[in-house]
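Sequence annotations record features per position, and here TrEMBL assigns transmembrane segment to 77-103, 123-141, 153-172, 178-200, 212-234, 240-263. For 271-293, the entry in TrEMBL reads region 'Disordered'.
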Amino acid sequence: LPVPIAVFFLLYKERMVPCFHSSSHPLLSADELAMETRPTEKDDLSTAVQRPPAAGGHDDLFSCCQSKNFRGASYTYFAVHITGALVLFMTDGIVGEYSGFIYSYAVEEPLSVVHKVAGYQKWAVSLPSLFWGFITLGRLISIPVSYRMKPATMVFINVVGVLITFLLLLIFSYSVVFLFVGTASLGLFLSSTFPSMLAYTEDILQYKGCATTVLVTGAGIGEMVLQLLVGSIIHEQGSYSFLVCGMVFGGLAFTFYAFLLFFHRMYPKPSSDMDDASPDKPAVMDDTGQYQR
């Protein structure tokens, strides 16, 4: 609670919350903001041209959602946003529900790790740590891999890997050893899905802000909602449904990614005319020094 309260207070001080206007001055005045964003004499002209206006996007918390920013956008523009967010909704949801319920699955039927071998109990406790550890390892590995592999290919490998891992976990559902192997494998495949998806959609849309908001929001909601959903299903149907839910979510993530590839093919390639009308095109400065869209 202290974190959202502090963020809300900061937005309130900066006069970025609609319907709530602070009587005090913002933390950074307009003059100070202009001085910080004003190009120096040593700056390149190209740098000054690429730099957006100082007050752009600072007036309203929901300025990126204004209809004027989407005039002239094709339906594939919105489809890419939605399908990308749905992929992250599923994959980040899997991260949340798997880390939250893997121990409960391990100690209950059909595995009953604690009752089979007493020595496995301490290992069962470490399953969530194993999962997060391999997520960290996978993100470190993905850094050099991303230099040689396109983001679209990385997302495809990750989504297919998640689907295959859940399928094998269902087939070998009575194997304690494969549970640990599958947990590590799942952590590796899920690790770089989020950054790779951000990079992939950035390549498609050439965006500057709002697409990030859509994708991050979709991922956050998925991590919250799927945990609640899976917890309810496990309570009603038993722990075996834990893997079934993961398989379903993995299949949906693959389906949404296939739709994303389809809409990517239909999305118009950027050109000079399209760039001028694109809702994601940053503001540029003409010869008179005025910013244009």
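Including glycine, each Cβ sits where the backbone N, Cα and C put it.
Owing to the predicted nature of the structure, the values given are computational and were not obtained by experimental measurement.
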Residues of the same chain, at least six outside the transmembrane segment (240-263), with any C-beta under 8 angstroms of its C-beta?
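Sequence-remote neighbours of the transmembrane segment (240-263) are 76, 79-80, 83-84, 86-87, 90-91, 93-94, 97-98, 101-102, 104-105, 109-110, 152, 155-156, 159-160, 162-163, 166-167, 169-170, 173, 226, 229-230, 233-234.
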Relative to the transmembrane segment (123-141), which of 77-103, 153-172, 178-200, 212-234 accounts for the most Cβ pairs at distances under 8 Å?
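Selected stretch: 178-200, with the most Cβ pairs under 8 Å.
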Between the transmembrane segment (212-234) and the stretches 77-103, 153-172, 178-200, work out which stretch tops the count of Cβ pairs under 8 Å.
77-103
Go through the chain and flag residues at least 6 beyond the ends of the transmembrane segment (77-103) whose CB is under 8 A from any CB in it; none is fine as an answer.
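Counting only partners 6 or more residues beyond its ends, the transmembrane segment (77-103) has Cβ contacts under 8 Å with 70, 124-125, 127-128, 131-132, 135, 155, 158-159, 162, 183, 186, 190, 193-194, 197, 200-201, 204-205, 211, 214-215, 217-227, 229-231, 234, 239, 242, 245-246, 249-250, 252-253, 256-257, 259-260, 263-264, 267, 279.
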